[in-house]
């Protein structure tokens, strides 16, 4: 019974933890402009993150080592250092977007200016990082994020023409009034949003924090294989809500307030409140994960002591790194940059950075020195090879597409 | 380079593969640093010279990494180093026989701990001991 | 002496990232070709149309009690920002010929009209949420009046958009 509960909890947190500000914004923008025609990207992305996260979890559980330690051991200090700089920068961008997302959601709830919320949100993030136990932090954020299920409820209440939605989704094609380059630009952005690299750092380091061993592999696989696809369904529901309400009205999403309008139309104030709390929780949870990831990557590359399971004083450099990352994010937001713009930037650069984390994980998961009998099987490697190709193509295409389309406009 | 294992036999160790970029743990199993570079010394303990026998005299950390990545030279005596005599065991990580608290090479951690992190309320609280 | 004191450059990745970030910021609204100028007008009008529709949806929802005051206010504020962007895209445009100059002028008028309605919609939201605006003449009496105004400006935007060859 206890075990069942633990498994259910793991699955639920994986669902709630899947959606962050990147998924939220990108799916809504895509839904309002391209209808359901990019749903296939979410599917590809979800399969990818399942593959990727289960590999990272397995590596961490079997070898007891987190991703970046291994990246440095394998690639040497130079290549791993370049990787660290890029990963850290994108992680910081994502952290900025998440904290910005918290402030936008709080603005919706209170109509107090987002800039006043920035220090409050950042302080709350730091306090949780400082004091709260890892398991509690992970579970509470994940469970609260489940409130985003309100988008799925809203979709059903809207009572859309399901046949029409399906026709938009298969076979996928760009709506006539949109340029194909913009379509592909958003395909890459959506892929980056679904597969954000920080999830891998967080997942593998989290496995070490929770002292996973090979015995936990089955639980790990279940969490990922059930939780993430259900989280992906939430993403699709967000896109569908936008496609049903905003697309026919000719509304192009450029702010968080537009994203929640379909929910208000479907479920009124109550459902709206549920979803806003869900957004605060999801972005808050993701802010914790990205802040931790910035500490994890830096500490693992340089061999510092790290982890929430240590007293802060026994992992001083790790905690200082996180504090610095949060302060940098606050600094960026204080320039009154639009958090939505930061978010769109962060998902595209996530796509650019994907090979940096993906390739080493794939290599190590095949290395018997670390993995013993738990090396990748043939199916895993076949899938891994296919995704290697997709990830590299997306990464190479991202920046040219961004320049060609003027960031999708 | 050779390392006398617990059973007394000689094991071959590849410095680049098994030492560089490996995690260093102190006697309590706490991470200290990653091996950023190694200091070599000649048979008499002086400067190592080409063509002569040399041995590892210390693990270098910190600024040694920047020197390796970007080039340049610094007197090795100035670089934070961990004496090779303190190394106890070579596994997937390098285990020391001394606690990190006594290591000069770990001064950044100690400084941050004493001056900053340890002074913030809750900084020395054990997170696992209830919430 | 140390193993591998020689160092090489590691900054390639960082430089590529910086170049990418810099490139992403470079989308300038002022375009020179006549066709491009008209397209820029159409882009700005499409944004204004989206803002007008968002305002309509928000006003309808608030009138039905389906959305809270703060959310409605924020939604309208966000639309004012969008309209600001659209307007500055139009004002900074250098029209290369008479036709695109005409499109720009019509577009500016349409965008300005939408902004006016969104501003009064925000006042209406504030009044509904208990603001002390009863005496203000400019505040529309009810949602229907606002929606009628919105319909008029939306039609103007659509007309200007059709003129500029937009969607």
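Note: Cβ is positioned from N, Cα and C throughout, glycine not excepted.
Whatever TrEMBL says is automated annotation, not expert-curated.
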Per TrEMBL, the range holding transmembrane segment, considering A:12-36, A:37-61: A:37-61
Feature transmembrane segment in TrEMBL, mapped to one of the ranges A:290-308, A:347-365: A:347-365
Winner by Cβ pairs under 8 Å against the transmembrane segment (A:318-335), considering only A:37-61, A:116-132, A:263-288: A:116-132
Same-chain residue ranges lying at least 6 outside the transmembrane segment (A:144-163) that approach it to Cβ under 8 Å: 12, 15-19, 24, 233-234, 237-238, 240-241, 244-245, 262-263, 265-267, 271, 274-275, 277-282, 284-285
Interface-richest range of A:82-110, A:183-203, A:347-365 toward the transmembrane segment (A:386-407), CB pairs under 8 Å: A:347-365
The transmembrane segment (A:37-61) in contact with the transmembrane segment (A:183-203), cutoff 8 A, at least 3 CB pairs, sep 6+: yes
Sequence-remote partners of the transmembrane segment (A:116-132) [C-beta within less than 8 Å, at least six residues beyond its ends]: 99-100, 102-103, 106-107, 284, 287-288, 291-292, 308, 312, 319, 322-323, 326-327, 329-330, 333-334
The transmembrane segment (A:347-365) in contact with the transmembrane segment (A:183-203), cutoff 8 A, at least 3 CB pairs, sep 6+: yes
Tertiary contacts of the transmembrane segment (A:183-203) (same chain, 6+ residues out, Cβ under 8 Å): 20, 22-23, 26-27, 29-30, 33-34, 37-38, 41-42, 44-46, 48-49, 52-53, 56-57, 60, 66-68, 87, 90-91, 94, 174, 232, 235, 289-290, 292-293, 296-297, 344, 347-354, 356-358, 361, 390-391, 394, 397-398, 401-402, 404-405, 407-408
